[in-house]
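> My questions all concern the structure below.
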């Protein structure tokens, strides 16, 4: 057969200009694919047969190679299959699943349902039909329930479907109390179990459930799993167990008796427990850190912008209960919880101007005390806990020698408080001084969103602090310049909401602190400037704020799984929240 090659010649009009026309048939690729599919069904020009079970599927190796890196490598790397005209998957693939994948290769269409989604995910991953695998993942994400979330966690881990794994993990964290006795729970890998029990987001109010779940999992395959026990035990919040249970476990539980590392972990928990109950100094051990579901929510507020009282919020019973009076009423302070203690830093009082004072409220013993004062008097600042230390960031201070006292420009200074020596230390300054910014910690780093600049403008930067390097850097840009916003953290996701403009006041965003990517989420139910937010039990709660002359009177809750906001309860109109913190609910004796 001869093949002629035609040279493309350029034609010119009488005026000498070029005359070129491009013809593009949009449906050409679809027509070719349809005709290839017809030839496959008629077994025309097929040069490869795939077998699954006892069924054969004639096809074209060029089509397979074009759709799948798996087949491309098989046919081009000198493997036996590149010479043979048969590939037999035996029983590793169900014939109907292979048929669906081939139909997709020749038509770009596939029907996914509850019966085949898991099989398509597995086969798509195995044969590197990545589009099919991703489509099956997306289908399973939309059909995730408490009854299947453990199985989906195992499946997504095996096939590296990161988003499905994260969604499954989140649902497992929310339903741990009903899942830990199931067959799927016993099938978890050690790393998956660690992902669950190490998370602050684990929704469990009785830590004994976690302790028993770990014992049960290890004993399901004792010979293979007993070496994992100390690592797992260290991630149980043992100091939150009743004292009698701790003592009994030390002398009666064979897994603990037989392992010196486990004995040391239990001894540490017993000492931490004793220290907490006796109010004997600061406890920073992981074994004494409560999970967020074991926290209670506290609103600090007053009948004016001058805060004078702490209120306990029971969002399940929908009650707001007065708890304690502040020793020194103040406004524009910041509050942050470390363990069972709430630290109230700085602010402005009614008489003594800008304050360096730090008041500490012990929620277990319901007592107030004073810690060492800050190095700089400040207000309009932010604070966050990081590695059991307290950081205060930015704000204003009073201008020296000016009467009446007027605020300084926004501060760059950052201070760190270590409760153990009761000492403040000046740390690396912010890249840009800010006040009225949202300050949170996530993944052992500090994040500062927006704020008011030294020039009194809104700031659009995300400032990021690495404590190991003691250095600030610019992490990302905010979707828009922000100040008077609120922030809350769920894992690696930081939720930002509110602001002081018409466009930002009701808006809410999610920032992934690992990828630095922003996602717009559902708007709040009301516009809020100077609101306050925190995360508890895999949900985000927002309280307070105002816009114009309208004061917000509801406690609202955001559910990330449904991307929806709901009002939980009303806040008394006479209560103006100044801060919102989450701390220990109770400690069993």
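Glycine is no exception: its Cβ is also placed from the backbone N, Cα and C atoms.
Note that the structure is predicted; figures quoted are calculated from it, not measured.
The feature domain 'BTB' is assigned by Swiss-Prot to 46-114. Taken from Swiss-Prot, the feature domain 'BACK' covers 149-250. Marked as repeat 'Kelch 1' by Swiss-Prot: 296-340. As annotated by Swiss-Prot, repeat 'Kelch 2' applies to 341-388. Here Swiss-Prot flags 389-444 as repeat 'Kelch 3'. Swiss-Prot lists 446-492 with the feature repeat 'Kelch 4'. According to Swiss-Prot, the repeat 'Kelch 5' annotation covers 494-538. The repeat 'Kelch 6' annotation in Swiss-Prot covers 539-585.
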> In this predicted model, what is the average pLDDT of the repeat 'Kelch 2' (341-388)?
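Averaged over the repeat 'Kelch 2' (341-388), per-residue pLDDT gives 91.
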> Looking only at the repeat 'Kelch 3' (389-444), what are its DSSP counts of helix, strand and coil residues?
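Output for the repeat 'Kelch 3' (389-444) reads 0 helix, 24 strand, 32 coil.
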> Could you check if the repeat 'Kelch 2' (341-388) is in contact with the repeat 'Kelch 5' (494-538), meaning 3+ Cβ pairs under 8 Å among residue pairs at least 6 apart in sequence?
no
> For the repeat 'Kelch 1' (296-340), which partner among 446-492, 494-538, 539-585 gives the most CB pairs under 8 Å?
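By the under-8 Å Cβ criterion, the repeat 'Kelch 1' (296-340) pairs most with 539-585.
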> When DSSP states are grouped into helix, strand and coil, how many residues of the repeat 'Kelch 5' (494-538) land in each?
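Taking each residue of the repeat 'Kelch 5' (494-538) in turn, the totals are 0 helix, 20 strand, 25 coil.
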